[in-house]
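Q: TrEMBL lists these features:
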| type | residues | note |
| --- | --- | --- |
| MOD_RES | Lys189 | N6-(pyridoxal phosphate)lysine |
| ACT_SITE | Lys189 | active site, proton acceptor |
Amino acid sequence: MAEGASVIPFVDLRAAHEEVAEEIDAGFARVLGSTAFMQGPDVAAFEEEYAAFSGVAHCVGVANGTDAIELALRALGAGPGSEVVLPANTFVATAEAVLRAGARPVLVDAEPARLLIDPDRLAAAITPSTAAIVPVHLYGRLARMDRIAEVAGDVPVLEDAAQSQGATRDGVGAGGFGAIAATSFYPGKNLGAYGDAGAVTTGSAELARRVRLLGNHGSVVKYRHETLGFNSRLDTLQAVVLRAKLRRLAEWNDRRRRAAARYGELLADLVDAGVTIPASPEEALGTDHVWHLYVIRVRDRDRVLAGLHEQGVQAQIHYPVPVHLQPAFADLGYRAGDFPVAERAAGEILSLPIFPHITPEQQEEVAGALRKAL
Ligand SMILES: *Cc1c(COP(=O)(O)O)cnc(C)c1O
């Protein structure tokens with residue numbers, strides 16, 4: 001990195017923490033005083049508040065986002081002998097959870113512009129064994145839930161909403177379209193805990209009951225175990241953090257939108273230099289992007305990324321290798337060339353720093369560094 005240049009982190013969680021620090025201190029003191037570390041009153045309160053925020057009836061806190069997907073799949077009855085359809089362009093956790101539930105992942109290529117699961121290719125992936133379809137609202141942008149619902153018919157849809165807390169379409173929130181949804185509160189997500197945490201949301205009391213049962217050793221009534229379960233619960237201290245942050249989430253998502261609009265202006269003249277900015281047709285689709293990630297596309301991406309790093313801009317790639325080309329998923333039998341849209345994107349995408357408290361000056365520096373790196 002060049003001397004004298006300031007570092008622009010990919011995500012800076014400090015300013016967000018400062019806004020909620022007092023509330024969190026008071027909440028931690030309350031929990032420490034009561035020693036209700038597991039399933040304390042803050043967990044139930046957060047579950048209620050997050051369900052209301054998402055516009056669904058039920059929320060069940062769990063240990064992390066990957067567990068949330070697995071437990072939701074199991075609640076839907078996915079398991080050995082069944083298939084689960086998901087996008088090739090996603091974080092590996094989506095596919096991992098399918099395999100952990102015992103089902104077989106069936107991948108679908110991405111839409112060329114938005115890079116989410118392509119509804120036009122969905123029908124071909126559905127078979128009589130399909131137990132669930134798992135669209136991922138990647139980057140903070142909603143998948144085409146209207147089209148997906150049409151193709152899905154009776155097959156239940158499980159939304160992976162880990163990157164899209166607060167995204168809406170016609171007033172319905174991420175997690176409110178399908179039968180059930182899973183989300184992650186990993187610290188860097190739009191709603192981030194101070195450690196691992198996740199949740200399942202659903203309109204169905206029965207699905208919520210099954211998830212709660214599975215995540216708590218198969219038990220709702222203490223020491224009566226109805227089924228073989230897991231230990232996957234949201235801990236009370238994380239619930240305190242999440243409650244404080246949830247009150248600011250709408251405003252923080254607005255800040256992300258403003259930051260994205262600012263990047264749009266700062267980078268507009270680079271379009272001629274071969275940069276694709278994520279000015280996708282969100283408005284026409286009536287959806288509301290929450291900019292978990294700001295993903296541009298460039299030619300010669302690895303050289304550009306190295307140039308940004310040299311100048312102190314901690315850009316990243318989400319994700320450099322699609323699921324089907326990961327060694328861990330080699331047994332699925334996919335090959336290079338199977339999902340050309342996702343594969344091509346993986347070589348061109350580049351995520352610029354974005355977080356609610358990024359300053360206009362930091363964004364100008366990022367844009368300047370990108371101009372040089374090109
Ligand atoms: C973060 C993430 C997950 C997994 O969440 P964890 O809490 O890290 O287990 C799953 N899917 C997507 C799309 C994610 O971004």
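Cβ coordinates are placed from backbone N, Cα and C, and glycine is handled just like the others.
Please go over these features one by one and say how buried each is and what sits next to it.
A: For Lys189 (N6-(pyridoxal phosphate)lysine), the same-chain residues lying six or more positions away in sequence with a CB closer than 8 A to its CB are Gly65, Ala162, Gln163, Gln165, Thr183, His292.
Look at Lys189 (N6-(pyridoxal phosphate)lysine): DSSP puts it in coil.
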